[in-house]
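Here is what Swiss-Prot says about this protein:
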| type | residues | note |
| --- | --- | --- |
| BINDING | CYS50, CYS53, CYS74, CYS77 | Zn(2+) 1 binding site |
| BINDING | CYS66, CYS69, CYS96, CYS99 | Zn(2+) 2 binding site |
| REGION | 107-254 | region 'PH-like' |
| ZN_FING | 44-104 | zinc finger |
Amino acid sequence: MSSEVAARRDAKKLVRSPSGLRMVPEHRAYGSPFGLEEPPWVPDKECPRCMQCDTKFDFLTRKHHCRRCGKCFCDKCCGQKVALRRMCFVDPVRQCAGCAPVSRREADFYDRQLKLLLSGATFLVTFENSEKPDTMVCRLSSNQRFLLLDGDGDGDGHREVEVARIAAVQMLTEGLPPGDTLSHTSLPASRPAAEGGNARAIGMTLQYTTPGAEGLTQLTLTAGEDADGSRRQATAWLAAMHKAAKLLYESRDQ
């Protein structure tokens, strides 16, 4: 991909919506796969009362729409302004008591885990037709749309997996039976293995579609056994990718 094409795909623009200022991709098709669309607002005529506490709206009690769910509430039930990066808002926006905690938890992904994914980690990567694994660095592209795998020159060299084409993710753990399987219709209730409990993430299997090919392609990432910090970095990257997969499926289910 030429630098000119890449720049055009990564271009962004500032837009003003009823909810606030948003920095969105110039071309909608090139948006982050983790993003959410703005919800339609419940029409004013359909909500004469707060949808949380049932207080009637009047001249003194104004109605406000939650920017995340689009429902209308009184100021007491929708007075928190919280960052909502999945909708590309520039500033914190008004959210209801139910949505605000969700957005705060997602902020941890953008503040901590996304940085891990962008930095990358070293894995033993096994492709479905490979006889032996290749040592490769796996990282998320800056536009969040691709997983980039770069080898040491002895194997396939460079591979790209489009995040939006990932169909299933299976976490490989040690300390408990085989890990959770994520799919478009089934999400695990457990936390990522590296974030708590006795299990520890040691790898991940990805299944994804490839343009022009039938069925699913599969690859497996496994953290190496070396004693230095690269294994720790790899397990942290796996936990971050586990969270990213959950956000990906939520975006699809919107």
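Cβ atoms are placed via backbone N, Cα and C, with glycine included.
From a predicted model like this one, the values you see are computed outputs, not experimental measurements.
A map of Swiss-Prot features onto the structure.
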{"residue": "CYS50", "record": "Zn(2+) 1 binding site", "Cβ within 10 Å": "22"}
{"residue": "CYS53", "record": "Zn(2+) 1 binding site", "Cβ within 10 Å": "11"}
{"residue": "CYS66", "record": "Zn(2+) 2 binding site", "Cβ within 10 Å": "26"}
{"residue": "CYS69", "record": "Zn(2+) 2 binding site", "Cβ within 10 Å": "18"}
{"residue": "CYS74", "record": "Zn(2+) 1 binding site", "Cβ within 10 Å": "20"}
{"residue": "CYS77", "record": "Zn(2+) 1 binding site", "Cβ within 10 Å": "20"}
{"residue": "CYS96", "record": "Zn(2+) 2 binding site", "Cβ within 10 Å": "23"}
{"residue": "CYS99", "record": "Zn(2+) 2 binding site", "Cβ within 10 Å": "21"}
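Among the binding-site residues CYS69, CYS96, CYS99, the residue whose Cα lies closest in space to that of CYS77 (Zn(2+) 1 binding site) is CYS96. Each residue contributes its Cα atom, and for CYS69 (Zn(2+) 2 binding site) and CYS50 (Zn(2+) 1 binding site) those atoms are 14 Å apart. Note: the Zn(2+) 1 site is recorded as CYS50, CYS53, CYS74, CYS77; in the same chain, ARG49, MET51, GLN52, ASP54, THR55, PHE73, ASP75, LYS76, CYS78 also have Cβ atoms within 8 Å of that site's Cβ centroid.
Under the DSSP three-state reduction, CYS53 (Zn(2+) 1 binding site) is assigned to coil, being neither helix nor strand. One way to see the shell of the Zn(2+) 2 site is to take the Cβ centroid of CYS66, CYS69, CYS96, CYS99; the remaining same-chain residues with a Cβ within 8 Å of it are ARG67, ARG68, GLY70, LYS71, PHE73, CYS78, GLN95, ALA97, GLY98, ALA100. Here the zinc finger (44-104) is broken down by DSSP into helix, strand and coil counts: 11 helix, 13 strand, 37 coil.
In this structure, the CA atom of CYS74 (Zn(2+) 1 binding site) is 9 Å away from the CA atom of CYS96 (Zn(2+) 2 binding site).
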